[in-house]
Amino acid sequence: MNNKNIKVHKINKKGKRVVVAMSGGVDSSVAALLLKKKGYDVIGIFLKLWQSPCDVDGKKRQNLCCDDKAMLVARQIADKLNIPFYVIKVDNLFKKEIVDNFISEYEKGLTPNPCVRCNRYIKFGYLWEKARELGADYLATGHYVRVAEIPNLNDEMPNKISNPKSQKKKNKISHYNLELDWSLGFGHWDFNLFRSKDIKKDQTYFLSTINPEVIPHLLFPLGDMEKSEVREIARKNGLPVYDKKDSAGICFIPDGDTDSFLSHHSKKKKKPGNIVDKYGNVLGKHKGLMGYTVGEKVGDDNVASSWNLVARKKNSKSQLPTTKYSKDIPRLYITKIDPKKNQLVVGENEDCFAKEMVVSDFNIINPDFFKYIDGKKTVLVQIRGGHSPEKATLFLENQKSKIKNQKLSVRLGRTIIDGSKKLKSYKLKASFLSPVRAITPGQTAAVYTLKGELLGGGVISS
């Protein structure tokens with residue numbers, strides 16, 4: 001992936017006001033420091049998010065992103081930099097948009113990504129609104145992301161079309177015989193997001209569903225830096241967080257015990273069901289689907305033993321397992337969660353791989369996305385945080401039977417562009433060049449060009 005020729009959005013708006021989301025960590029602290037040195041009018045804001053009142057043992061547990069210690073550190077950094085500092089409580093909105101959604105998705109047998117949703121609704125949604133109230137021109141964070149300029153398309157596509165039937169041919173995707181309603185115009189998007197210099201720390205995946213209208217107002221001072229450089233800057237400037245460990249995991253589940261969290265907060269009772277192989281042979285019982293994830297190892301040796309017994313039956317469609325956990329017990333993994341049948345489907349590691357997936361509710365960050373849904377051009381698709389993007393091609397699901405001669409509805413940020421009287425959603429299908437392990441419904445799929453330019457992201461549905 002070659003990022004050398006990217007024209008990065010330069011941080012040189014001296015005197016402009018910028019709100020920096022400060023967490024008390026090294027990244028956001030250095031971001032505030034660099035902007036202050038560049039001459040910005042910097043304001044630090046610490047978001048106080050929702051935290052679970054208690055865990056299953058009745059003990060108080062604080063949100064990792066915004067506990068009292070982190071708030072104190074962030075305030076100390078702001079004092080050292082001599083910048084205004086505010087603490088804003090956003091617990092109710094966070095609970096409604098992030099935590100409740102997290103629980104409801106798991107109740108449906110899905111595996112959501114709350115960090116992606118938080119960036120859309122909280123950090124780059126709610127916080128940007130607050131920044132504007134403070135008269136800010138920009139919002140900055142310590143994310144490892146690059147903002148780069150992209151061509152303005154005002155001259156290529158009209159800003160307003162009152163009658164979709166009057167569109168010119170150049171506004172059609174002839175491969176699908178679709179007409180697109182460009183009534184909002186794409187000329188507003190002069191900037192786009194690219195993967196960071198430090199690929200290991202890149203966080204564009206987590207920004208793949210934010211409102212693209214916000215992008216021109218975003219600053220990411222760390223996008224062209226390695227993590228080691230950031231720590232060294234913090235050390236040289238006397239910031240006490242220079243050696244602070246990176247945060248990991250879900251902030252509102254600090255002990256990492258998702259199953260206990262769901263059991264404590266979900267109003268839906270767990271319903272026991274069958275654990276089966278891909279042919280429907282019953283191997284054991286589960287206590288409830290909530291908390292399971294595709295690709296997760298099955299820790300019940302009784303299930304694995306049943307797998308062997310079923311495989312040895314003469315009339316069984318199952319095959320003898322090839323990968324052994326021990327002499328007689330194979331290592332098994334969850335390959336599918338089936339809420340309709342209340343079943344967990346298990347198999348060996350090789351059964352966890354697939355070459356295709358369907359993505360719904362796709363959020364278009366860059367209008368160039370439309371150039372890549374012909375089933376021919378290669379893109380990069382990332383299916384979870386920490387996962388290396390894989391090469392794939394994109395096309396519309398069932399386009400021959402359902403999409404032909406229909407108008408396409410897509411979501412740009414928070415807005416639906418609809419070329420038909422009745423709103424019609426559509427799904428994307430990604431076909432990977434090589435099999436990919438553990439494609440997990442509910443997780444976010446982010447799509448990039450081969451140069452690392454973010455095209456958008458959506459939710460994996462199958």
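Cβ atoms are placed via backbone N, Cα and C, with glycine included.
Whatever TrEMBL says is automated annotation, not expert-curated.
Here is what TrEMBL says about this protein:
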type	residues	note
ACT_SITE	Cys118	active site, nucleophile
ACT_SITE	Cys251	active site, cysteine persulfide intermediate
BINDING	Ala21, Met22, Ser23, Gly24, Gly25, Val26, Asp27, Ser28, Leu47, Gly142	ATP binding site
DOMAIN	260-299	domain 'tRNA-specific 2-thiouridylase MnmA-like central'
DOMAIN	409-460	domain 'tRNA-specific 2-thiouridylase MnmA-like C-terminal'
SITE	His143	site 'Interaction with tRNA'
SITE	Gln443	site 'Interaction with tRNA'
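Projection of TrEMBL feature records onto the structure.
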residue: Ala21; record: ATP binding site; Cβ contacts under 8 Å, 6 or more apart: Ser28, Ile45, Leu47, Lys123, Leu127, Leu139, Ala140, Thr141, Gly142
residue: Gly25; record: ATP binding site; Cβ contacts under 8 Å, 6 or more apart: Ala70, Gly142, Val241, Lys244, Asp246, Ser247
residue: Asp27; record: ATP binding site; Cβ contacts under 8 Å, 6 or more apart: Gly142, His143, Tyr144, Leu222, Val230
residue: Cys118; record: active site, nucleophile; Cβ contacts under 8 Å, 6 or more apart: Phe94, Glu97, Ile98
residue: Gln443; record: site 'Interaction with tRNA'; Cβ contacts under 8 Å, 6 or more apart: Thr111, Pro112, Asn113, Ile383, Arg384, Val459, Ile460
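DSSP gives Leu47 (ATP binding site) a strand state. Spacing of Ser23 (ATP binding site) relative to the residue listed as 'active site, cysteine persulfide intermediate' is 12 Å (Cα to Cα, whole number). A simple Cβ count within 10 Å picks out one of the recorded positions Leu47, Cys251 as the most packed, and that one is Leu47. Around His143 (site 'Interaction with tRNA'), taking its Cβ as the centre, 26 other Cβ atoms fall within 10 Å, counting all chains. Its Cβ taken as reference, Ser23 (ATP binding site) is surrounded by 24 other Cβ atoms within 10 Å in the chains shown.
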